[in-house]
Amino acid sequence: MTNKGRSYYLIPYYLWIALFVIAPVLLILYYSLFDLDGHFTLGNYVNFFTPVYLKMTLTSFWYAFLITAFSLLVAYPAAYLLTRTKHKQLWLLLIILPTWINLLLKTYAFIGIFGTFGPVNNLFDVFGIGEQQILFTGFSFVFVSVYIFIPFMILPIFSALEELNLSLLDAARDLGASGWTTFRRVVFPLTISGVRSGCMAVFIPALSLFMITRLIAGNRVITLGTAIEQHFLVTQDWGMGSTVAVFLIAIMALFMMLTGGSRKGVQK
Amino acid sequence: MKPLVNAFLAIVVTALALMYLGAWMNSNEGYSGGNTLTIYNWGDYVDPELLEQFEAETGITVIYQTFDSNEAMLTKVQQGGTTFDVVIPSDYAIAKMREEKLLLPLDHSKLPNLAHLNPRFLNLSFDPGNQFSVPYFWGTVGIIYNPELTKGMDFSSWNSLWDSRLKNNIFLVDGAREVMGMALNSLNYSVNDQNEAHLQDALSKLNRLSPNVKAIVGDEIKMLLAGEEAAVGIVWSGDASEIMDENDKLDYIVPEEGSNIWFDNMVIPRTAANVEGAHRFIDFMLRPEVAAQNAEYVGYSTPNDGAMKLLPPEIAEDTRFYPPAEITDRLEVYDNLGKRMLAHYNELFLMFKMNKK
């Protein structure tokens, strides 16, 4: 096939990107330049740098960081064990299965599980810990988010671990490396690409979570996603909502550039 | 390549078959063109039996669609993608729709049952002379509480919510107007106050409420309060009656300083396709027997005097949901504050939400 023929096949792809990626981003940029009365203004951007929104940005970052960190902490060992099990496909299916269920349904289930009279508190009672407030705390927010995002962290790490050449581990042991050193110097650096894509798949959506902040955190955790939702649905201040979205997009782009950049460094 | 083509063909064939099946089912139920009436209402806000009765009486097929917020409804009506014949928005949304010329004036001569309505609920600020709207249900905003858990505390004042005994024990409904209005009322200001100093007072007062607030939630508030996750909640009277149906330990009160009184009215949008049918439906819903049956099913307060006479006394004489005129006189309807003020209310509400315990 000639080069020219091949480029025709790319047309649908370019169309898709133009219509569903570039056009929406441009529209958001455009809307962010108008105030409530439809007048051109940069006031929305000025407004973003007030304590309310800066604090919100920091909160969003902090929680997105916590969610990513805990997901990684659970997902890496899980993915590692997964590569060592017999019925890999079955276990993998069990991890993917919950992602087929609607996110809101899963979230609603946790309202019951974490409730004052829910099974978790009943268990606490059995052990004599007594009733705890779990629902509507930062903890429950992070826990439920980690639960929801964990398959997206496990899968890329799992495939990176699968590609790992096992003879490298034997070689490391032959050369006298301890288990920890082998992990630190051989396994982890070779699977870093999986960790990186897992972190991206979790961190970026975690930044803009909104329904879980109300259902599980009872609006005690306010993220940028909450603000966008409110501006579009309640105040109909599309300008300010778009401005928040522009900053989110900028932050995400920056994050991807930073993580993408270091990949090249490793490959050299 | 072959299996891929086969799979693709299978998908196309299935999609076409489903489309055909859908069209066939619609035409079987009489949904194709002509004699239909599309009603756009809040979820679970009408007795479905009444819709069937209306269909049997008039031969009009009713298509019933639902929304969950006035804002969502407004957006959909503005876009005009679907034609709705009867919509049931709340007071301030009606004012907004009137301003944006989205409504058709009602022909009162086609609505003889208007006579059954209590004049208290007619000719209100959001629609003088009921040119565009007819009341469907009304209610208040108040405090629902669990006397067992609050041990005899008195909730006849909004200020009782700030009592330190209620630490981490209050659910608020996730609405800027409701929560800001409650704080303004507690300071003896109006729920429609636009004075910046008063609004800032309300915000700092709300911030002091933070330790008592367990969560600020949406519709889940009904499930959470019925499940006794907290002792106190700020809710609409209709939600309160639903919660009390599920858990009869709870009680509802409208505090003395005043509160919001709201109305959900029936309107005909400008894009309506079946204006004649829409008038017939509105008049049908105003019939005393119909309004009474609907009020019993939905649990909200009916503005229909004729229906009140038909309701069982334990409902009609329940002053929690049918407060007498001397109380409703102290209650205020939410004015349409305009986009700018509404945005400001929401910003203050957001600041309150961000304020950590």
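Each residue, glycine too, has its Cβ placed from N, Cα and C.
The domain 'ABC transmembrane type-1' annotation in TrEMBL covers A:57-259.
Positions annotated as transmembrane segment by TrEMBL: A:12-33 (among others). Listed by sequence, the residues of this chain that lie at least six past the ends of the transmembrane segment (A:12-33) yet keep a Cβ under 8 A from its Cβ atoms are 40-42, 44-45, 238-239, 241-243, 245-246, 249.
Remote same-chain partners of the transmembrane segment (A:61-83), defined as residues 6 or more beyond its termini with a Cβ less than 8 Å from a stretch Cβ, comprise 91-92, 95, 138, 141-142, 145-146, 149-150, 153-154, 157-158, 161-162, 164, 194-195, 198-199, 202-203, 206-207, 209, 221, 223. Summarising the annotation, TrEMBL assigns transmembrane segment to A:61-83 (among others).
Residues annotated as transmembrane segment in TrEMBL: A:90-114 (among others).
If you look up TrEMBL, you'll see A:134-158 (among others) marked as transmembrane segment. Beyond the transmembrane segment (A:134-158), the same-chain residues lying 6 or more positions past its ends with a Cβ under 8 Å from any Cβ of the stretch are 63, 66-67, 70-72, 74-76, 78-79, 82-83, 92, 95-96, 98-99, 103, 106-107, 110-111, 114-116, 120-121, 191, 193-195, 197-199, 201-202, 205-206, 209, 212-213, 216-218, 220-221.
Summarising the annotation, TrEMBL assigns transmembrane segment to A:198-218 (among others).
TrEMBL lists A:238-258 (among others) with the feature transmembrane segment.
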Taking a Cβ cut-off under 8 Å, which residues six or more beyond the ends of the transmembrane segment (A:238-258) line up next to it in the same chain? 25, 28-36, 41, 44-45, 47-48, 53, 57, 200, 203-204, 207-208, 224, 227-228, 230-232
Could you give the residue numbers and ranges of same-chain residues that sit at least 6 residues beyond the transmembrane segment (A:90-114) on either side and whose C-beta is under 8 angstroms from one of its C-beta atoms? 78, 82, 120-121, 134-135, 140, 144, 147-148, 150-152, 154-155, 158, 211-212, 215-216
